[in-house]
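Report on one structure; see the data block that follows.
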Amino acid sequence: MSNAVPFSQVLYMAGLNEIGHTTLVVSVFLTVLSAVAVGLRLWTRRILGNRVGVDDWLILVSWFIFLGFSGNILVGVYTCGGGQVYTSEEEARKKLVQYLQSSYAIAPLYAVNVTTVKLSILFLYRRLFPIPSFQRANMGVMVFCFVWFVIAIIGDIFYCIPIQRFWDPAVPGSCFDFPVYFLIMEVVDLLLDVIIIGLPMKIILGLPLSLRKRLAVVGIFLLGAFVIVTGAVRIAYVYQRSRQLLVLPQASFWSVVNLGTAIVCACLPICRPSLAQFVALRRMWFQSTPDKHEGH
């Protein structure tokens, strides 16, 4: 009797696994959603007659980086085994090496992407709140973000020396304790997000607006707290002290979620007038619809 695996089972095992399917769907969804958010942001600038500033250019650059980031992850999911299971051990080893080579670019791209989003928000603050004391505090946070970025890039690129050891442990060399590095860098990143979101709250609460309007503005800014939640989940889900390597498919998935939501949330404060206009038009349309039916 033959011990060959049935053809249907081979197709199943060589297909995308659950995390692969989820990563695919979420990557496409957040890429489209973030594109809509950035487009709506630029459109709002146009209808309000405001010039496109550094903050807008940074978020646009961030979206293109996110596009490359998501594309790299999907390449890993589809062609390099990041979301697949193979029946052949030889094929699995080959795909693992290809997947690790593809994954090597994920961490530096993430650092660039998340930093451009942070800087976009901070430059927006400079534009909205021209108060000297606030500007100094804002600049201080920018400096901390840049320092974090430099450390992250150096650590991500030179995690293993030589670099080839990242995907081939047989190569002579060494790698530092990446899980500890990941935990420290991501906790600092999370703290920076908390500081950035909380930075303008005192000024916003002191605006000469009705309580309802002030709370509405605060609410829009606090939507960025969702990024903090996804970042915390990413750390909790990915960090495993017992492993030298992170759980890369899960790390990729939560990185996509974190970056995509960060871009969307960074655009929401600017998009508020357009969203309000859309809601008003939608309400008018629904109110006029019954009248049209009554006329027939």
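The count begins at 1 with the first shown residue.
In case you wondered, yes, glycine gets a Cβ from its N, Cα and C as well.
For reference, TrEMBL has these:
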TRANSMEM  20-44  transmembrane segment
DOMAIN    40-276  domain 'Rhodopsin'
TRANSMEM  56-78  transmembrane segment
TRANSMEM  104-125  transmembrane segment
TRANSMEM  137-159  transmembrane segment
TRANSMEM  179-203  transmembrane segment
TRANSMEM  215-239  transmembrane segment
TRANSMEM  251-275  transmembrane segment
Residue numbers, six or more beyond the limits of the transmembrane segment (20-44), whose CB comes under 8 Å of its CB atoms: 52, 56, 59-60, 63, 66-67, 70, 73-74, 77-78, 82-84, 249, 252-253, 256-257, 259-261, 263-264, 267-268, 270-271, 273-275
For the transmembrane segment (215-239), sequence-distant contacts whose Cβ falls under 8 Å of one of its Cβ atoms, 6 or more beyond its ends: 121, 179, 182-183, 186-187, 189-190, 193-194, 196-197, 200-201, 204-205, 207, 209, 246-247, 250-251, 254-255, 257-258, 261-262, 265-266, 268-269, 272
